[in-house]
Amino acid sequence: GSLSEGLGAALHTLNLLAILCFPAGIVLIVTSITPVGAVFALGVYTITFLKLFSFRDVNKWCRERRGAHNPAPETGTKKANGAVGLKVVTYPANLTYRNLYYFLFAPTLCYELNFPRSPRVRKRFLLRRLLEMLFLIQLLVGLIQQWMVPTIQNSMKPFRDMDYSRIMERLLKLAVPNHLIWLIFFYWFFHSCLNVVAEVMQFGDREFYRDWWNSESVTYFWQNWNIPVHKWCLRHFYKPLLKWGASKWLAQTAVFLTSAFFHEYLVSVPLKMFRLWAFMGMAAQIPLAWLVSRFLRGNYGNAAVWMSLIIGQPIAVLMYVHDYYVLNYE
């Protein structure tokens, strides 16, 4: 109640813009920052941006509900996963550093006043996930260095000579290691890493992905391969747009374009070049989703989704690597 909603919204907006723009400016100005380090740093700041956006939205909804109904504060405890008695937190008792920092480190992008909690830390489960993390990251580095990098290096001359048949051959040759590395990275991050964080923090919601490999449409794939981001987009972007009067098609297009912006932000800024390949690749998912849902069903739709994953990513990788090589080494 110290600040008006308008002033509070303005301060939140400035803070969120600073979270996105300040790190990007540092990456572009400081020459010693490597692309890998920059991707990691900007990834952390992007996650922080999404989390604080959710934090601000949920607390605003709490204020609106409180002003409309003025409910009596809840008391007592609740059961999380049927085992743990936790004290129910209500607004504004949730506005503490402990509550905020738990959310910032928790493997979710959507804020709740009371998260589901697991009863204990399972040491064997935690050890298995840690061993997976250690093994898979070594495997990823090895595959990238021994298989992917030589293929990319051998692709530079056909690009320079504009030898289209050789470019296509290199593209198909790159598709196999690229896709294998993507699948391993998916398992490493969404299953091993996020479960380690969740187990240590006793975070109860472990739905980080669903059966995206069974996708019969492009839309189903994007809704199920990254559940934390999908839930954030649905809760804080898609539904508010519908509430403001936008059509479903317009809201879906806006979600895809926003996702395209963040993909481009996490690629172009670290590489210090703006080619919009990632943005156009994500934007191309809109007509692709329409075509697949309109003309393909069942296994044919599933095959189309897998082909877009296997072929689409190597094209973007080759385009960025070629432009980066020309810009920095020729």
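Sequential numbering from 1, following the chain as shown.
Cβ atoms are placed via backbone N, Cα and C, with glycine included.
The transmembrane segment annotation in TrEMBL covers 7-30 (among others). Counting same-chain residues at least six beyond the ends of the transmembrane segment (7-30), those with a Cβ under 8 angstroms from any Cβ of the stretch are 38, 41-42, 45-46, 48-49, 52-53, 56, 265, 269-270, 272.
Residues or ranges marked as transmembrane segment by TrEMBL: 36-55 (among others). Sequence-distant neighbours of the transmembrane segment (36-55) (same chain, 6+ residues past either end, Cβ-Cβ under 8 Å): 12, 15-16, 19-20, 23-24, 27, 100, 103-104, 109-111, 229, 232, 235-236, 262, 265-267, 269-270.
Same-chain residues lying 6+ beyond the ends of the transmembrane segment (130-149) with a Cβ under 8 Å from its Cβ atoms: 174, 177-178, 180-181, 184-185, 187-188, 191-193, 196. The transmembrane segment annotation in TrEMBL covers 130-149 (among others).
What TrEMBL records for 180-198 (among others) is transmembrane segment. Outside the transmembrane segment (180-198) by six or more residues, the chain places 105-107, 118, 125-126, 129-130, 132-133, 136-137, 139-140, 143-144, 148, 204-206, 208-209, 225-226, 309, 313 with a CB less than 8 A from a CB of the stretch.
Residues or ranges marked as transmembrane segment by TrEMBL: 249-268 (among others). Residues 20, 24, 39, 42-43, 46, 219, 222, 229, 233, 237-238, 241-242, 274-283, 285-286, 320 of the same chain lie 6+ residues outside the transmembrane segment (249-268) yet bring a C-beta within less than 8 angstroms of a C-beta in it.
In sequence order, Ala278, Phe279, Gly281, Met282 make up the list of same-chain residues 6 or more apart from His263 (active site) whose Cβ falls under 8 Å from its Cβ. If you look up TrEMBL, you'll see His263 marked as active site.
Sequence-distant contacts of the transmembrane segment (274-292) (same chain, at least 6 residues past either end, Cβ-Cβ under 8 Å): 217-219, 222, 252-253, 256-257, 259-261, 263-264, 266-268, 301, 304-305, 308, 312, 315-316, 319-320, 323. Residues or ranges marked as transmembrane segment by TrEMBL: 274-292 (among others).
With a threshold of 8 Å between CB atoms, the same-chain residues lying at least 6 positions outside the transmembrane segment (304-322) that come near it are 152, 155-156, 159, 167, 170-171, 174-175, 178-179, 182, 215-218, 220-221, 267, 271, 275, 277-278, 281, 285, 288, 292, 296. TrEMBL lists 304-322 (among others) with the feature transmembrane segment.
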